[in-house]
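First, the structure itself, so that you have it in front of you.
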């Protein structure tokens, strides 16, 4: 395990509750802050949100959160009133055991949609997970494992910084969006810091960070019912402001960026990590729209899987993104090769271009527009026959 | 060949020009009307439109069109100024041979993007195709074959109707969107009628028909650079109006509907035709948005391929479609089984639900909302490993 710097005042656990019905698979995590913490959250934009998302939305931003309980294997989504009651009960079980109020706990789930949560397992598991809370790296490691679904490795990132006399630390962990994403590709992220931050500032900082990091990765364009990123800040004393708050915000974005790159890199099923750079649009939002449309194109993704330099599919996907441009406004580079320049196709050696796709696990597409200063970097993967096989029989 | 009723005054040909480099594959078609015809067109909404699309847009609506020349195997898209010159030259070659003006001809192409059109083949092929023009069914059959790419069968539809004393006929043919769509899933459709219709009315009727037919099928959500539907009406005398015009419009929509169902049914690679019925949204447009989002979800389409009744993916796709609703507004039926009722999951037998998907080539998903009277029927297919294989190495 690499050397992690941990935010102070937090403890963690991750246990085998048997929710997943796999003998040695950790599937239930608790995060706990002894002091009440400021908390903020960013959630899925899906109209069909899982029960835990509804509960979290009710409870953040807040200045009094003590922790988060997370289960993997069941999404508790499309589960109606019972699902809401079950999610509330999960927070109650953690809070009762720790001597705080249920509404001082947050809750997340990831897994299959539309199945009732087996509450007997939660009734036994959550108190047991609380018993194992640990402030050391082993505890964090267990929690980071317990939230995984199809991920092959844990994703942890940490930053420390000096703000005047104060040393503060930001510790995060996350799960993917593993590229074959049978679990609805749900993304969960948790960021803990010992800084003192006003809840409103924390919410703004988290939203901005997510926009530039977790919202710039895509698997197949299917927005999960459960996507959640939460941040807890348990520092005491005067909340950060001015220059210090900005330094803190930058560090939070760095942690989120490292976690999201970790998710995009852990591409099960996928054979390529695809980095899509779009520059020169009118706005950053336009660049992101173009990049996401390309990232979601099955035709682009199968071509990259097959090492087929079929660049017309990329230009065509940009064309139906909804962003207004003329063909002469656009040039396209695939790796080292300029293929399309201001609306004109350039002659190229198809064998060399194909070899670039075949021989590199990470491939770059760069689209350059002549419309302005907008830009975006987006991460996705290719679409493989393994993706189809793995997703074709997930629940049965 | 089934008994077709043909619109009067049109002739057709489809020849082997060797554009496709396959010895017996027809790849160049000409449609010709001896009388100048009213013409209208509906085109791709992709910002990157192929050269022939630009040419057609310049020339319709019109009251003086004599014909259409169509090649398959090369899209003439992303080909810059040379592509525009080549598309114009195609119309000139047909017009010169037939003694009319170049701008009295329209042009379409379908195939690989970004490759210059081999004009030597067109210079020889187009006059030769004109030489073969024939007003009988064999000519239409040849033309319908020459426009195909990955389609396995031709799609032809015809309607005759009596408007007062006048017998009129509407004849159409089309190519897919064959479900594996390596050719950018380009859809081309041609409708010929011997009715007399004002060009403006013709344009309005065609746009409305396409919206309810060709725009309600989807393969992988990738809007082609070349999609085109053209209609020619070569009747003389007083243009249709009032009740007669409405009867005519209905018949045009029927022809388009039959052609679009033909495209959706000719699903190479695909193992299932999926019919998505959405009812009870506020507007028809909302219903279509929900249906198209589900039709474009790789997770839904792989689940159907695998006979996995993973209905949460369908509900979740509705949730991120952008249409505003609450979970309690939605119920979902898969074939005969109600799975989700007003926000609550219902118990069901997974084996029976899986058998429904496995044993039927055509499967139905019905989403019922409680918001209004909006509705839409949409056609798509499943996502198979064969789709990935066929699309992974198309150009190389």
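Using the three backbone atoms N, Cα and C, a Cβ is placed for every residue, glycine included.
OK, TrEMBL features for this one:
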type	residues	note
BINDING	A:149, A:175, A:186, A:268, A:391, A:396	substrate binding site
ACT_SITE	A:186	active site, nucleophile
Can you name the binding-site residues among A:149, A:175, A:186 whose Cβ is less than 8 Å from some Cβ in chain B?
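Answer, by Cβ distance to chain B: none.
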Within a 10 Å radius around the Cβ, which one of these binding-site residues has the most neighbouring Cβ atoms: A:149, A:186?
A:186
Tell me the Cβ contacts of residue A:175 (substrate binding site) under 8 Å, same chain only and six or more apart in sequence, or just say none.
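A:72, A:110, A:147, A:148, A:149, A:151, A:155, A:186, A:187, A:188, A:189, A:263 - these are the non-local Cβ neighbours of residue A:175 (substrate binding site), listed in sequence order.
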